[in-house]
Amino acid sequence: MSRAIKYTYTRRGNRGEAMVREAEARQIWMAPSARGLTPHRVSPPPPPAPAALSLTAPLPDTKANQPPTPPEKTNSDQESTVMEKGDSLVHSEIDSYEHAPLAASDTSLNTPLLKRRRICAKKSVGGYLRPRLSLTHGKMKKKGSGVAMKSTRSLKKDDGSGALVNDVMTLALPPVTPSEGEAPSSARGKVKKILRLFQMVSRVLLQKEESGGSSQKESLPKLKAGNRIDLTASEIVKGSSDYVKSKDDVVGHVSGVEVGDEFCYRVELHLIGLHRPPQGGIAWTRVNGVPVATSIVTSGGYFDDMDGSGVLIYTGSGGQPTGKKGHMTLPQDQQLVRGNLALKNSIDAKTPVRVIYGRNISETGKSVMAFTYDGLYMVEELREEPEKYKIGGSEYTAKVFKFKLVRLPFQPEVSLLIANKSKKSEVREGLCVADISQGQEKMPICAINTVDDEKPPEFNYITRMIYPAGYEKTVASGCECTGRCSSSKKCACATKNGGEMPFNFSGAIVQAKPLIFECGPACRCTPSCYNRVSQRGIRIPLEIFKTETRGWGVRSLSSIPSGSFVCEYLGELLKDEEAEKRKHNDAYLFDIGHNYDDAALWEGLAGFVAGTKSGSEASESEGFTIDAAEMGNVGRFINHSCSPNLYAQNVLFDHDDREMPHVMFFAAENIPPLEELTYHYNYTIGQVRDSQGNEKVKECYCGSSECQGRLY
């Protein structure tokens, strides 16, 4: 017979706050077939082995070598157990139950002992949080700690029937860390969170514009910002509880912002206080009643010069011709007022000025502006010069101010300039392997080592997952689209994703989900379909490099916009049981197929995908692990960080087995060139054990402001 015992535990750890959950544990007495266990009696483990953990009594300190106190039997035969910080009772640790001998005083209940076994360190996809924001075609209002807007629309299920569902975008920040739901402890973490929130909302609004109503006005939320995506997203972010506006403009560095940070929208500079004016090139404030400049943006509107020499010639504001061709105003002499006066006063006040460099980049065939924070400069000189303009075949001259700014020493060099120099160089410094993929990727992935003479470890480079012998993929049903799946209303694969395409037309993931369904081999759409992003492979110039303290890492020679696909984590697909038996370094093991545990996000998906299991149901089945130790790709070199810039996303496209999803890495933020690419390994502190059941400890050397000090 068997008895169902209900236990409750509290888990703290990296999240920093208690999460109380209830689970069902089945205690086996005389039913070996239930779990394949042979019931027998054993003696208590001798010292110095850890004390046994009872599922029916409050857990003792595992360091104390004392047996647990038997609990009193309740009427319902159910006991509640609370596990405090440091306890680590999880399903993966339960190897077998063995019966302890009955104590003379205990005739009411046999207490099973938990026999510990070796538990490998496995990376995993991050857990998904409850939505932080909700968006629809309606009025915006505050709702708890987020922003919500309400309306409904009709969405068809698989059987063709219609159902009214909330037209609500459940927006959750990418699960970059286990503590994503908490307020960041550092200024850097707060800045990153605001920017990620803005970037995610911008992608959602862009998607609504791309696949929305008959006009842009119908497809965007009706906010006073009009129809501009960046301004609308900015208003939404300002309405969230995560946004805190600083009172005054700061002179010098802005806390939480680092030299080399990149931005795709100018309004991002405004949100984090790096440059307050939404349009003006000069920001200024008063110091002791005197106006001084705090920041400037060079955006190509004037003839500014910035070449990495540390000297910038900046043209003052005002006097520029405006209007369209044929109706332009004439240029005017610039006046020494407002921003121009503030820049002049900065010479005498000797106050530093933040410089943000704007540049035009080509994105999907069109030119867009991007911004890079270049650090602090001192204004050293002002001169007045004539500037010539040609308007309608005539030449005009106006006086403009030229400010000479010099970059302060001992600041990091902007990685964008370093990357540009590397691209132009015929021979890369420290190049030790020209292409670790040996031509298998669309672009070479070189190895750079400027630290020592070590070369990358040997392994077999692969571009596809290696499945177990005899495994046959079950191809899922596909869509009937004949183009690029541009309409989410007609695409069956969009229905699998809750009625929305997971990517926008630029190839950026709109937002993180427990599972994303891409179009697959059964779909009739073209290879250039908007819903085949990860299948097109690596399209970013990646390279591996030797770090100072953490072995080999991965970086890119170009900027990576937030939401971009980076690469897949490839290796051998093993059953969990087989992965645990492997004796090599477990640093390359990645646990898959179980982290669908957020009911709030999963609910909307499960209703439209036939056969979809909930998180609790899926987690009970046998799991799988990706092992990249001997066979893998560039993803095996990506290091851990407690404040990462990538996150792992479950994706299905070539089969419909949710226990074996592909693990794809996407950019959680805008990533400058040469910044190391990292993700959170999602290890649980106190969970990893050696073959004797002893807790294993591995220190973290990520060096971020949010570092927890331990990997596990």
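Just so you know, glycine gets a Cβ as well, placed from its N, Cα and C.
Quick look at what TrEMBL annotates:
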type	residues	note
COMPBIAS	51-60	compositional bias 'Low complexity'
DOMAIN	252-407	domain 'YDG'
DOMAIN	477-537	domain 'Pre-SET'
DOMAIN	540-682	domain 'SET'
DOMAIN	696-712	domain 'Post-SET'
REGION	36-87	region 'Disordered'
REGION	139-161	region 'Disordered'
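The domain 'Post-SET' (696-712): residue composition by secondary structure is 0 helix, 2 strand, 15 coil, according to DSSP. For the domain 'Pre-SET' (477-537), the mean pLDDT of the prediction comes to 92.
With DSSP states grouped into helix (H, G, I), strand (E, B) and coil, the domain 'Pre-SET' (477-537) comes out at 8 helix, 4 strand, 49 coil.
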